[in-house]
Amino acid sequence: GLPVCGETCTLGKCYTAGCSCSWPVCYRN
């Protein structure tokens with residue numbers, strides 16, 4: 001139920017601050 005960060009992480013890494021990767025989408029911590 002975490003809000004989506006507006007970023008994908010198909011390479012396994014999120015570049016947006018405060019976001020973590022739950023492949024293939026980044027979620028806010």
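Any Cβ shown, glycine's included, is placed from N, Cα and C.
If you check Swiss-Prot, you get these features:
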type	residues	note
DISULFID	C5-C19	disulfide bond
DISULFID	C9-C21	disulfide bond
DISULFID	C14-C26	disulfide bond
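Annotated pair C26 (disulfide bond) and C9 (disulfide bond), C-alpha to C-alpha distance, rounded: 6 Å. Summary: among the disulfide-bonded residues (C19, C21, C26), the fewest other C-beta atoms within 10 A of the C-beta are counted at C21. Put simply, C19 (disulfide bond) is 10 Å from C9 (disulfide bond) when counted between their Cα atoms.
Cα-Cα distance from C14 (disulfide bond) to C21 (disulfide bond): 6 Å (rounded to the nearest whole number).
The secondary structure of C14 (disulfide bond), as reduced to three states from DSSP, is coil rather than helix or strand.
Same-chain residues at least 6 positions away in sequence with a Cβ under 8 Å from that of C5 (disulfide bond) are, in sequence order, C14, T16, G18, C19, V25, C26, Y27, R28.
For C14 (disulfide bond), other Cβ atoms within 10 Å of its Cβ number 20.
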